[in-house]
Each structure stands twice: as C-alpha cells, then as structure tokens.
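**Student:** The ATP binding site annotation in Swiss-Prot covers Gly252, Pro253, Pro254, Gly255, Thr256, Gly257, Lys258, Ser259 and rests on sequence analysis. Summarising the annotation, Swiss-Prot assigns transmembrane segment to 11-27 and lists sequence analysis as the type of evidence.
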Amino acid sequence: MVFSRDIPSPASMFSTYASMMGYVMIIKPMINTIIPRPVQNFVFSYLKSFAGSRSSTLTLTIDQMSSMYIPDELYAAAQAYLSTKISPNSVRLIMARDPAEKKVKLYLSDGEVVSDVYNGIKLKWRFLARNKNNTMVEEYGQSYQGNIQRESLELSFDKKHRDLVVNSYIPYVESKAKEVNNKRRILKMHCYSHMAQTWQSVNFKHPSTFDTMAMNDDLKRSMIEDLDRFVGRKDFYKRVGKAWKRGYLLYGPPGTGKSSLVAAMANYLKFDIYDLQLASVQGDAHLRSLLLATNNSSILLIEDIDCSVDLPTRLQPPTETSQPLGAVQVSKPLTLSGLLNCIDGLWSSCGNERIIIFTTNNKEKLDPALLRPGRMDMHIYMGHCSFQGFKTLASNYLGLSDENDDTHPLCPDIKHLIDGHVLTPAQVAEELMKDEDADAALEGLVKVLKRKRLEPKKCDDESKMKKLKEGEEAIADAELAVLTPAQVEDKEELVASEYANVMPEWLPRSRLVMVLPGFHRARGIRRGLGDEM
C-alpha cells in the first residue's frame, strides 16, 4: 500500500530538477573546455551506433538516379511492381492521366507505405520525394542551379533475412516488373532536352508496320528474319565475345520510307526510340553520357548523318581558337572518332539488345570509316516505288487486293509505267490520297507516271542544247585567243592552261585543229611531228 507521505511533493521535485540543471550548466562548459569537440563527436556517434545496432530492422534505399545521374533500372522495376500492390487503404496517392491513354494511373505519394509478404517475410516499402538546392556543373562547361526533386524507395525488413531478400526477393520483383511492363507496354520516343539536361520522352504512336511498308517482299522478309535472329541470340553474342547490338544503314532518296521503316522496326520489336541530334551534342564526353543514359532494348536513331553536323576526322583535327584569360573553357567538339567509339568501340558494350540506325540521302558523301565492313551490319537501300510497293500502297489506301497483278484494269498500265526510278513511295501515296474512288485515284496516278516518263527526255534535250551553246561560245573564244607559232614557242604552257579552261571535254580534236592550226603546227614542229597533226 502506498501512503501519501511516500510521494514527494511537487515543490521538492522542482527543487531537485533545478539543482540537477544547475550542475549540468556548470559541468558542460568544463567538458567543452577539457575534451576537444572531435573527441566528443566520436563518443556520441559510437554510443548512437551501439544503441542502433540493437535494432533488428534493416533498411535498403533505392535512388531514382545513380551517382552518375543515370536512371536506376532497379528503381523503375520497383515502381512498376509496387503499382500492383497499392492497397485500397492507402492514405496518399498521386493521380495522373496520360494524354495518350484513357485510364487514370495511381502513384505513391511522399511518405506512403506499402506492405508486402514474400515467403513468410514481412517487408515494407516507403516512397520518399525531397527537393534539393543543387548546382549541376557539367564537364562541357555549363552549369544550372535550381530545385531538383530526388525520389527514392526504402525497403525495410528483419536483418536476418538480408541474403534471402537480396538474392531472391529483388530478382522476383524485377521479373514481376518485366511482366507488368510488357502488359502495359507503351513505346516512347526520347529526345535530348537542353533545359532538363537529360532525355525527355513522349508516347510513340506511329502506325507504320512491316505490313504497311511499300518494300520489296524479299527485303521485307529478310529484315524481319534478321531482327528475330538478333533478339534471340543473347547467348550467341556472349559466346563469340561481341556486344549485343545491331547496326543498320538506311540510304536512298527522300520520300522512300526510311523513317517509316524505323517506326516499323520499333513497333515490331516493342523498342523505344532515342532520336539523337548530333548538333545538340557538345563533345565526345557529352555523347558518352547520353548513350549511357539510354535503356536496353532500344533503338538509337541518327537521321541524315551526312548533313546533321560536320564531324572532324583524325586527319582533320578541330581548330582551336584562343580564349581570353579567365574565360570559361569550352569543351572540344564532337568528332567522328568519338562517335565511332561509342557505337562500335569499347563503350558500345555498356548496354544490351540495342539497335543503332543511321539514315542518309547520299551514301557516297559519308566518311569511309562509317562504311567499312563490320561497322554497320546491314546496308539497306530504300529506292523508288516498285510495282510490288504500289500494290501494298493501293491495298492500304484504296482497299485493293495485293494478291495478284490485275486487281484493277489500270494495273497493267501502272506496272509498265512505274518500272524504273520514276516515283518514290511518298509520291505514290500522295496521289492515291487525292481521291477515295479507286478509279479516279489510279487514273490520276497514270497521268503523273506518264508525265514523269516524259520529263527525262525533255531534260536530256535541254542538256544537249546547253552543251552545244557552251561549245559554240568556247570555239568563238578560242578563235579570238589564237596565237602565232612564235608566241606558242615562247609561252606554250600558258596557252595550254588557258585553253584547258575554255575547251569542253566533248569537243572533237579535229575541230580544235581547224580552229587553232598555228597552235598545233607549232607544237608539232617542236615535238618533231611536222604537219601530221
């Protein structure tokens, strides 16, 4: 039994507390004076770690970005996995609707906790989002300052299950995330943003497929077989010691379907596309950082590589301009060797299942280093529209059957007129879109084909007339400039150089002798040929 006299009065308790605080205020300055601050910090940290080590909970942190500012694949996999674990009892969620989708998506909000159970082990996921005042200094000399939101996930569990979680649960999360992503797979088109200093993406909804491509059937079949063989040979590439990548060079006139073929490849493989504009790359180091930030199972596209940027070669080093003392150092420009090292050198192995595509309108203008054997695995010529391509386009736009060659009375005429370099697939598609009626559309196409057939003859006639006119003017200039044999003896080299610029290559030698008899006789006498010339 507790008596009231055993309980201290409030006054005595307050007096005791005041006395203790007085002792602390006296002792604390003495401790700070006698014991150095580093020693105090060490003692406090040791005591804190000793007290914390008694906890049985282990927490693993997964950051959104790695130390090299590269998106962490494990973080993306965990986000996809947790999207299927959101409980109806969740308190805070983020709701968003993608412009290209109909469904509303729910995401974890800051501080939200999701519970999970794996093989009897209880685990807790916690989402964290924090803003940081960060100054990012890039190696190419530019800096950006602002509030940057860094996201992370914390996974907490009993520390005795650490090996099981790391070796079994995490791979399980990655496999489930892959299944989720395949079900809700939305292709993305990525481009580099100067403001964000990273890749930014939009949904890729291009309708092009191999079925809609106006290509030769054999070439189309060869492309599909090559892509299937590539994605299924992971072990083969590892066994032979090659990076798991594939390169394609698409070349041909404008409007022949190079970009549409890239879209068809992306839709067939379900690969994202990274559209790399070389003009936005500020050096070899910047290019490496951009390629390291791309995901696996993707397509790297560099369009119009012949005219996108002037790449210095090893034989043509970039010119260095002098800068004032104290000025910001500008990085060296992008070089051809830097590009080749990234797509075909040691850096190309930093990724798996990647496809690299170059497009150009003029293959002959490319540097020989880009065309050497083994650089790009396949060179695909995208030429003018053939009759087979026309049948595919007629089936797409007019609904005509492409099984035989006489689905329409005008097909034989079109087959005869379209052979050769007449129209590109884009031009044929433009004509077929002018009218929904098949008869009217095909009649218009026949008229265009006939007109295009006549244009080369007209151009040849005009070219011949132009050459004839140039020849007559050259002959007139030569007659006015004719020299005497004595002048030729003294200044033969000067005369020869003048006439080399005046005379056309196609002018017959007999005509030259008639115009310049003294000139040729003098050269003949000098060389011991007499009048035989």
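Glycine too: its Cβ is placed from the backbone N, Cα and C atoms.
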**Student:** With Cβ-Cβ distance below 8 Å and at least 6 positions apart along the chain, what are the contacts of Ser259 (ATP binding site)? List them in sequence order.
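**Tutor:** The list for Ser259 (ATP binding site) reads Glu303, Thr359, given in order along the sequence.
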**Student:** Can you tell me how many other Cβ atoms are located within 10 Å of the Cβ belonging to Gly252 (ATP binding site)?
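**Tutor:** Result for Gly252 (ATP binding site): 19 other Cβ atoms within 10 Å.
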**Student:** Quick one, of the binding-site residues Pro253, Pro254, Gly255, Gly257, which Cβ has the fewest other Cβ within 10 Å?
**Tutor:** Pro254
**Student:** Using the Cβ centroid of Gly252, Pro253, Pro254, Gly255, Thr256, Gly257, Lys258, Ser259 as the reference point for the ATP site, which residues of the same chain not in that list have Cβ within 8 Å?
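**Tutor:** After dropping the recorded site residues, what remains is Asn361, Met382, Thr424, Pro425, Ala426.
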**Student:** Counting only residues 6+ away in sequence within the same chain, which have a CB under 8 Å from the CB of Thr256 (ATP binding site)?
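**Tutor:** Non-local contacts for Thr256 (ATP binding site): Met382, Gly383, His384, Thr424, Pro425, Ala426.
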**Student:** For Lys258 (ATP binding site), what is the tally of other C-beta atoms lying within 10 angstroms of its C-beta?
**Tutor:** 21
**Student:** Looking only at DSSP and grouping its letters into three states, which state does Gly252 (ATP binding site) belong to?
**Tutor:** coil
**Student:** Can you tell me the three-state DSSP label for Gly257 (ATP binding site)?
**Tutor:** coil
